[in-house]
Amino acid sequence: MMTTNLTSLLNQYRTEKRCLAGFNINDIYDLHAVALAANELDLPFMAMTYPPVAELNGTYLCRKMVDGFEKIANNKIYLHLDHSTSVDLCKQAIDDGYDSVMIDGSHHDLKTNIQMTREVVDYARSAGVTVEAEIGKIMGRDVVVQSEDDYLASVADVIALCEEAGPNIVAVGIGTAHGFTPTTPKIHFERLQAIANAVPNPLVLHGGTGIADEDIQKAITMGIAKINIGTIVHTTYMREAHTRINKDVQSAYPPFIMKEVIPEVQAVVLDRLKAVNPHL
Ligand code: 13P
């Protein structure tokens, strides 16, 4: 019997070597596409708002938007705040009913990361909200690294973060990068295994767009219970919308454009869901 409590579900997934897919969504149209794709495989999923989405629309409206999809989705949609570097934004999302928040203190020293994570964990506890922390770094975008030590999560640091701050789930830097990368990222599986041996927490794999299917599947057998997928969703959305709007900008009408864009995004999401769930 599957639980719907997110922390319990992720613990169960880690034990069963399964994985919840989280998709970075930006509005009602890409969320619609993800919900339809998840329905095709009868799966729950996580709708993740990056801080710019949460700040532009407000966490209250994001919550209401996802609530509205209960009539469309066949399974649970978990709403998550992704990569918040702000403790206050995490608190706001918790107050507005998010299922899960990520406090990303990975750019700070370990002590500060632990402090920030602990503050969010303490705040989230009574609301029963899942907290994700990050240790090590996910490369790409503005994260510049000089050596492996700059991004690889150290096992000792993961243990310290888990024991002293108590997050429910942990994103670990093991070589993946956000966005499209010129070459397939080299995942440090031996480090992932060492981390998984050291802590019982479900682990999170970021940078889902650029990771090879077989690497995703291998990581799931080693403790990854949640994967984040973003860039492939929004770039498909923007490209497909752009192509159609460009045909005749004067007569471009959003619902007609989106009616054609949604299936394109849905197909990409379905493809990633199949990579995460090869048994389906
Ligand atoms: P991608 O944009 O590479 O899919 O990564 C998304 C992510 O990890 C969000 O936290």
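Including glycine, each Cβ sits where the backbone N, Cα and C put it.
The Zn(2+) 1 site in TrEMBL is built from His83, His178 plus one of His32, His206, His234, His242, namely His206. Recorded residues Thr209 (dihydroxyacetone phosphate binding site) and His83 (Zn(2+) 1 binding site) have their alpha carbons 16 Å apart, per Cα-Cα distance. For ligand 1, the nearby binding-site residues are Thr209; that is, of Asp104, Glu134, Thr209, these have a C-beta under 6 Å from one of its atoms. Geometry remark: Asp104 (Zn(2+) 2 binding site) versus His206 (Zn(2+) 1 binding site), CA distance 12 Å. Around the Cβ of Thr209 (dihydroxyacetone phosphate binding site), 23 further Cβ atoms fall within 10 Å across all displayed protein chains.
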